[in-house]
Every structure is written in structure tokens, then in C-alpha cells.
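Encoded as C-alpha cells, the structure appears first; notes follow it.
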Amino acid sequence: MRARTTSPRLGAMRTRAPRGLLLLLLFFPMLPPRGASAGSLHSPGLSECFQVNGADYRGHQNRTGPRGAGRPCLFWDQTQQHSYSSASDPQGRWGLGKHNFCRNPDGDVQPWCYVAETEEGIYWRYCDIPTCHMPGYLGCFVDSGAPPALSGPSGTSTKLTVQVCLRFCRMKGYQLAGVEAGYACFCGSETDLARGHPAPATDCDQICFGHPGQLCGGDGRLGIYEVSVGSCQGNWTAPQGVIYSPDFPDEYGPDRNCSWALGPPGAALELTFRLFELADPRDRLELRDAASGNLLSAFDGARRPPPGPLRLRAAALLLTFRSDARGHAQGFALTYRGLQNAAEDRAPPKGSAQTPAALPDGTNVSCSPGPGAPEAAMGARVFSMVTAVSVLLLLLLSLLRLLRRRSCLLAPGKGPPALGHSRGSGRSWAVWYHRPRGMALPCPPGDPQTEGLASNYHPLSTSSQSSLRSLISAL
């Protein structure tokens, strides 16, 4: 990792008390962000990661740089000499296997992979994956200090994490929070972001002072987030978006009681849980119909949500999360989208598998083929028939080619031959050839009609005649 320097702006900020930010967070009440548009995390489909350090990345980038740039990664089943390999992950919990895709098995700050060792002894590198940034993270930006990239309040802390900064700016009523150099936090608005200057993602490479698995900007570089990430309440009305558990990307704390109103346009809702890790059965997430208050689904540390989309016949939901006095875990991240009509929830989006909504314990579920099953079966039958006909045609063509290449013309013994008449069943075979062709005729000895024709041909040897008779008998 490159040497660290301190920007002039942060040098002046060192004179402040490092504890100021933490004290402020303890004594000020939680206020809704000023001017924030609920549900502004509106592009979850563009991201392959929902954890701040990309530990959930399961994509296919196999070089340290995007779009074929950087160094090629080694296959995980060929790295037994190192700490992490497919042998050390037999259950696939870290996503290792017989491939060379970037992963983050050790909870580092971002996905990485082993590379061929260099002369300097470097045998692994981080992967720069543009699509592996959790929704709500807006990117890395230049902060020259004149003017500041984010113009709102700021502070420093030796225990800074991403959520500590988000909570500070949320409390101040701002829309955006930026972390810099591992220990500094800045607040701002969307107007600041509009005039900002993006920087390469790899420039924001400083580890947060308060969490070794998170990145907090870089030297003169701000990692900017929306403050709605990890909020304990909210009213989400965008057509689609992401809801995180409280305090995300940090672990949720004990005795949390949070709720989110979810009402995107449409007559039904589709939820997909991207992450779900609760500490025990007493930490519980409930989904209720906002209109009737009826409980639709409930999940906890012992009962996980379905792996695929969960479709609910409700125009609006109330999500409630409660943790007990000992609760500490990563939490959850779920994406949602509104369905335009109630019938749309019967047909899953193209390319996805439909998962039924969670049912009460003890409910029996029966499955039947979907509407597309008959067409799929008929297609399989047509494919089988076409394949069989093709194989038969190939066999016939091969047989014809073989016959054309024979050195003899064979006349079968069924019916009278074209040359001469049959003289009963006790006839013999006389084989004659004339380069490059020949013929075999059933002819009784001394037949005058064939002796004139045979005068232009030459008899085969006795051994060749015997071999050919065996061939004719086999046919």
C-alpha cells in the first residue's frame, strides 16, 4: 500500500478534539435528514455487492483491473500454499472454488485475488470492480479543500466508521456524508455532488480507524454515501430501491426498534433479500400490510427469508425490526420494486425464478408446472426427433459413400439379374472386375449370356473371391 500523506485541509482539522464527533453523536437527538428524498437508493440493479467491503461479491471478474486490465488472478484450487484456497472453503461460504474470480474470504476492505509472485514478493492484489459498490455509496471524489468537496459540517474521530459518519451527517440534517483519510467526516448536499470531481475508485483506499474491514476515503479523497444507508426509519416511495438494517454497514446494536414505510407505485410488491444475518430468534423482522396491519411474513435468526424474490399482494408495507438486549450481527439488505398491477406478481421477471411468499409454519405447499411447461416439453420432443432424423441421414450418407468407394458392383440374389436369367436356387457366384469398377453376378457355370460379357473382365484370385463371398453373405 502506498505511503500516506495528509492533506492541508485535514492538517488544520487535527487541532480539533478527536472526541468531538463521538460526543456530538451521543447527546444530539436523531433528526430526519434535511431535504432528503426517501428511497433515493434507486439503482440496486447496477450493483453486484451489498456489503461495504464486497464480501458478498460473486461476480466473474478474474483480473485485478476492470475490463481485462490489471494482472490475471490465480485459480483458488491452485493456491494451497497460501492461507486461502478452495480446500479451505469446502462449503463454498466464501465463494472459493475451481475458478479464478475475485473474492474476499477474509473480510478485507474489498475483493482481492492471488497473483503470480513478483520480484518484490507481492503475491496478491486488490481487485478494482466498478460494479462492486453497495447501493448508497456514490463513489470516490477529489477533495482539494478550496473549495471543499462537501461544504457542510465536519469532524474527526479516532474511532471513525462509515456509519459513525453517516449518523453524524444524518443528525445534522444533510443528505450526503463523506469519509476521508480514515478518520475525517464531512457533510454536504446534492449541490456539492453536482460540482464534484470523481476520482478513481482505488484512490479511496484508507482503512477506517474504527473498523479494519471498511474503507474511509483516501488522501485528499472523499468516499461519499447517502445518509439514508443504515437509517432506523424512513418513508420509501421510489419505484425501486434498497433498505438496510439499522447501523449498516456496521453491525446493528442491541435494543433496536426500527420501522420503514414502503409504498412504491403499483398494486403489489417484490422483495429480494441480498443479505440476511440476525444474531438469534429474538431478533425479528416483520412485514405487515400497511392498510390492514395483517402480518404477511416474519423472519428471525432461526428462520431465514427465501433465497429468491418474495412477492406480496400489498400496495404498501410496514417493515419493523427489533433486536434484543444482546443483539449484534451484520443485519440485512433487501431490494424492493413495485409491481404495476396485481397480476404481474404471478409472472416473475424474465430470467428470474419465482419464489412463493413465506407461509405460516406447518402449511403444506404443492407445486405444479408453470404456464410454460407444455411448450418446454414439446420443444424437447421436437429437438429429439430432429436429432434422430439427422443421425439417420448421416448414417445413410456414410453407407452410400462406402458403396461408391467399393471396387465391385454387387448384384443381389433376389429376383433375376439384369444380365442373364436365374437357373434355380443352386446358382453360384462368379466375380469379375474391370478397373476401376467390377461386378458380381449370380451366374450358373457355362451360361452363354454372361460368358461374352466376362470376356472383357478378369477373374479375381481365389483368396479375393473367398473374402468377397464372406462380405456378400454378411450383407
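Positions of Cβ are set from backbone N, Cα and C atoms, glycine also.
Since this is a predicted model, take the numbers as computed values, not measurements.
The disulfide bond recorded by TrEMBL for C127 reaches one of C102, C140, C165; that cysteine is C102. Of the listed residues C140, C165, C169, C258, C140 is the one TrEMBL pairs with C204, by disulfide bond.
The shortest Cα-Cα distance from C204 (disulfide bond) to any of the disulfide-bonded residues (C165, C216, C232) is found for C216.
Counting every protein chain shown, the Cβ of C204 (disulfide bond) has 26 other Cβ atoms within 10 Å. DSSP places the residues of the domain 'Kringle' (48-132) in helix, strand and coil in these numbers: 9 helix, 9 strand, 67 coil. Counting only same-chain residues six or more apart in sequence, the Cβ atoms lying under 8 angstroms from the Cβ of C127 (disulfide bond) belong to Q61, R63, T64, G65, G70, C73, C102, Q110, P111, W112, C113. If you check the disulfide-bonded residues C185, C208, C216, C258 against C169 (disulfide bond), the ones with a Cα inside 10 Å of its Cα are C185. For C113 (disulfide bond), the Cβ neighbour count at a 10 Å cut-off comes to 26, with all displayed protein chains included.
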